[in-house]
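Here's a structure for you.
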Amino acid sequence: MEEKGEASQPIEEMAENLVVVPNGGPAPDYGGGLTFSVVMSCLVAASGGLIFGYDIGISGGVSEMEPFLKRFFPHVLERMAEAKKGDNYCIYDSQALAAFTSSLYIAGLVASLVASRVTRALGRQAVMLMGGAFFFAGAALTGAAVNISMLIIGRMLLGLGVGFTNQATPLFVAEMAPPRWRGALTCGIQFFLTLGILIANIINYFTARVSWGWRVSLGLAGAPAVVIFVGALFLTDTPSSLMMRGQADRARAVLLRARGGVSAGVDAELKEISRTVKAALESEDGAFRRMTTRRGYRPYLVFAVALPVFTQLTGVIVLSFFSPLVFRTVGFGSDAALMGAIILGAVNMGSLLVSTLVIDRYGRKVLFMVGGVQMVICQIAIAWIMGTQLGKSGESAMARPYAVAVLVFTCLHSAGFGVSWGPLFWVVPSEIFPVDIRSLGQAINMAICLGLDFVQTQSFLAMLCRFRYATFAYYAAWVAVMTVFVALLLPETKGVPLESMDMVWKQHWFWKRFVQDEGKSAGAEMT
């Protein structure tokens, strides 16, 4: 029975406010367009991607600068001098040099796990502020470094900033955005990440011309840290986060402002948020045990692990880090290699804009398929060119047309990533987890991502030295596997409200047996 005094919608209006879940069932659409409050809040939060992007772009370029190598890694310079008579694949094979890049990710892994509890206790905004502060401190230390110890400690502070920020920003954007715009707005994180890479590559290109330029490149990492810190000061927390901390009145005010001041759909949406938060709080202490042991949570556990693992195995992360070194390996000079990295960043930016425009029209799975096929073709092409031109020994010189072809296929590979796994790595995890494990799911997602970042950045240069051109065939095989995995097992989430996301799992051909069984078990326990 409906309570008297509570405004009810006509049946026709309710029918108009239903969106169809891609796998067949309806889900409520609470309305809410792109208000100024939503756009600005999401853009400020998404600018946290600048932190990660700048670091990805700056590391590979600085690692290629001779004054930097001369001061900290002189043995690499000796190998470069002998490259003409030695093995081109192994010029940069240095565990110490790899540790300069990879040390950030061990700290980031720890920070992302700690951030899960901090986010639930203090909210998304506080964690973003902490991330900006840590990153600024790390930038100052690395820019002023006089020995490897200072470099590594500074990198670890940067890692704490990346871990905290990347845990909070996807949740903030997903919880603030209206369902029909959630994909495009969450893509903003990858947009700013890509922008950070491009800016870093441009800075590297110019600072490489002076002996102290590496200090400028590393120190300027403080600029994106200031952007996210100052921007976060003007944000209010999300309605879900406020409700989790018992601030219902503030949650309603924030949601009302975000939805344009129209209270009709706000009360219904807030009621649904309240219901999911209440369920989360009742079982808050067992989130990890519940996610890892209960059958109904099996889909969330699988994707919390699979998405970051597969994203890393596209190979684009190490190519983004080490693209200047890869281009030097195939025969480009220092300036040409840095310019190649700039071109790569610009292509990635363009592909991401395309993804942002179509993600909420065509859905997530189409982009995964298109990007996956494109990346497989490009990786195989790069492996073939490097195998036939540099040879198995790496002692052959690569002709300039083939070196340019490697650059072109690397850019096309990056474009494939930019329309698929790049933005969708942020979009899909931020929307598939129920609220009771949302912070934990995102923490696991980021911890695995940063842990594999460490493994890959620490091992890629050694892998290139030992596997040679087969390194790229290895990544191609993994992209083929993950494309099939997504085609079969990932439900489409386009336009589905977060509070109704369980519908897509209940209607999926494979996962419904797990989610429905859990529902039956829960019902049996209640009776």
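Keep in mind that glycine also has a Cβ here, set from the backbone N, Cα and C atoms.
Dumping what TrEMBL says about this protein:
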type: DOMAIN; residues: 41-494; note: domain 'Major facilitator superfamily (MFS) profile'
type: TRANSMEM; residues: 96-115; note: transmembrane segment
type: TRANSMEM; residues: 127-146; note: transmembrane segment
type: TRANSMEM; residues: 152-173; note: transmembrane segment
type: TRANSMEM; residues: 185-206; note: transmembrane segment
type: TRANSMEM; residues: 212-235; note: transmembrane segment
type: TRANSMEM; residues: 300-325; note: transmembrane segment
type: TRANSMEM; residues: 337-359; note: transmembrane segment
type: TRANSMEM; residues: 366-387; note: transmembrane segment
type: TRANSMEM; residues: 402-428; note: transmembrane segment
type: TRANSMEM; residues: 472-491; note: transmembrane segment
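Burial and contacts for the listed features, if you can.
Using a Cβ-Cβ cut-off under 8 Å and counting only residues 6 or more beyond its ends in the same chain, the transmembrane segment (127-146) has close neighbours at 45, 48, 51, 111, 115, 118-119, 153-169, 172, 215-216, 218-222, 224-229, 232-233, 235.
With a threshold of 8 Å between CB atoms, the same-chain residues lying at least 6 positions outside the transmembrane segment (152-173) that come near it are 41-42, 45-46, 48-49, 51-52, 55, 99-101, 103-112, 114-116, 118-119, 124-125, 127-128, 130-143, 145, 182, 185-186, 188-189, 218, 221, 225, 228, 235, 238, 241, 426, 429-430, 438-439, 442-443, 446, 449-450.
Counting only same-chain residues 6+ beyond the ends of the transmembrane segment (212-235), those with a CB under 8 A from a CB of the stretch are 41, 44-45, 47-48, 50-51, 53-55, 58, 61-62, 65, 67-68, 125, 128-129, 131-133, 135-136, 138-140, 142-145, 154, 158, 161, 165, 172, 196, 200, 203-204, 206.
Within the same chain, residues 57, 60-61, 64, 183-184, 187-188, 190-191, 194-195, 197-198, 201-202, 204-205, 208, 319-320, 323-325, 327-328, 367, 407, 410-412, 414-420, 422-424, 427, 494 sit at least 6 positions outside the transmembrane segment (337-359) and bring their C-beta atoms closer than 8 Å to a C-beta of that stretch.
Long-range neighbours of the transmembrane segment (472-491) within the same chain, counting only residues 6 or more positions beyond its ends whose Cβ lies under 8 Å from a Cβ of the stretch, are 22-23, 302-303, 306, 310, 313-315, 364-365, 368-369, 372-373, 375-376, 379-380, 382-383, 386, 428, 504-505, 507-508, 510-511.
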Between the stretches 185-206, 366-387, 402-428, which wins on the count of C-beta pairs under 8 angstroms to the transmembrane segment (300-325)?
402-428
I'm a bit unsure how to read this: which one of 96-115, 185-206, 402-428 has the highest number of Cβ pairs shorter than 8 Å with the transmembrane segment (366-387)?
402-428
